[in-house]
Amino acid sequence: MIKIAPSILSADFSKLGDEIKKVEQAGADLIHIDVMDGHFVPNLTIGPNVVAAVRNVTKLPFDVHLMVSNPQDLVLPFIEAGADILTVHAEAASHLHRIIETIKKGNKGSCQAGVSLNPATSIVWIEDILREVDLILLMSVNPGFGGQSFIPLVLEKIRRLKAQLKACNSNAVIEVDGGINANTAASVIEAGADILVAGSAIYGAKNCAAAIRQLKNAAAL
Ligand code: DX5
Ligand code: ZN
């Protein structure tokens with residue numbers, strides 16, 4: 001069954017706790033938290049203090065997407081703040097294997113390790129660590145902002161990655177992030193995604209529960 005991770009980047013930040021509860025009640029499986037540093041991407045968002053402040057408003061796992069330079073400096077603060085999955089960009093990590101190990105050891109091994117690739121970055125970059133990671137996040141927009149259009153070349157990448165994971169017996173799941181909505185979800189699921197991130201399609205909808213249901217049911221359409 002496909003999982004849905006609403007991105008709180010599109011939530012109303014003046015009432016973040018309520019916005020997280022709202023999508024939990026609407027059927028979300030994970031809470032996707034976009035961390036941007038104004039350097040790796042041209043936008044600034046959330047730090048560990050904010051994550052810690054909202055940690056107890058929900059029982060859902062926190063899926064923290066680090067879009068930052070020097071991610072190694074932020075790994076432990078975000079794990080301590082309550083990240084359940086912590087994903088770093090391969091493009092930002094000089095020593096990716098070391099960061100993945102640090103995440104997995106983290107706070108008594110409480111956190112899963114993810115690696116993310118921008119749309120233009122080949123999966124060749126991560127083929128040697130497919131069995132070390134728990135999650136691979138394929139960006140289907142250039143990171144930095146919500147509400148952008150889905151980049152279709154990612155579909156082929158999802159298919160190739162799915163086949164490679166199977167070939168090397170990796171249990172890693174594929175998450176796809178950016179431009180996911182009722183029109184794009186079906187092809188992303190068909191290509192092999194396990195988790196869909198959606199910001200504007202969920203928080204911009206009048207009825208969040210209906211929007212989440214629509215994404216989950218897209219596979220059947
Ligand atoms: C983009 C972020 C995404 C973003 C998705 O840099 O990583 O998680 O919130 O937003 P939508 O679903 O609106 O494209
Ligand atoms: Zn994201």
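Counting begins at 1 with the first residue displayed.
Cβ atoms here come from the backbone N, Cα and C positions, even for glycine.
Here the structure is a predicted model, which means the values were calculated and not measured.
What TrEMBL lists as substrate binding site is SER7, HIS65, GLY144, PHE145, GLY146, GLY147, ASP177, GLY178, GLY179, GLY199, SER200. For HIS65 (divalent metal cation binding site), the number of other Cβ atoms no farther than 10 Å from its own Cβ, over all displayed protein chains, is 27. In this structure, HIS65 (divalent metal cation binding site) is part of a beta strand by DSSP.
Residues or ranges marked as divalent metal cation binding site by TrEMBL: HIS32, ASP34, HIS65, ASP177.
Summarising the annotation, TrEMBL assigns active site, proton acceptor to ASP34. Shown in sequence order, SER7, ILE8, LEU9, THR45, ILE46, HIS65, MET67, GLY146, GLY199 are the residues of the chain, 6+ apart in sequence, with a C-beta less than 8 angstroms from the C-beta of ASP34 (divalent metal cation binding site). DSSP assigns ASP34 (divalent metal cation binding site) to a strand.
Using a 10 Å Cβ-Cβ cutoff, ASP177 (substrate binding site) registers 26 neighbours. Under the heading active site, proton donor, TrEMBL lists ASP177.
Not one of the binding-site residues listed as GLY144, GLY146, GLY179, SER200 brings a Cβ under 6 Å of any atom of ligand 2.
Put simply, of the binding-site residues GLY144, ASP177, GLY179, the one whose Cα is nearest the Cα of HIS32 (divalent metal cation binding site) is ASP177.
Report note: the divalent metal cation site is defined by HIS32, ASP34, HIS65, ASP177, and the residues of the same chain whose CB lies within 8 Å of the CB centroid of those residues, excluding them, are ALA5, SER7, LEU9, ILE33, ASP63, VAL64, MET67, THR87, LEU137, VAL197, GLY199.
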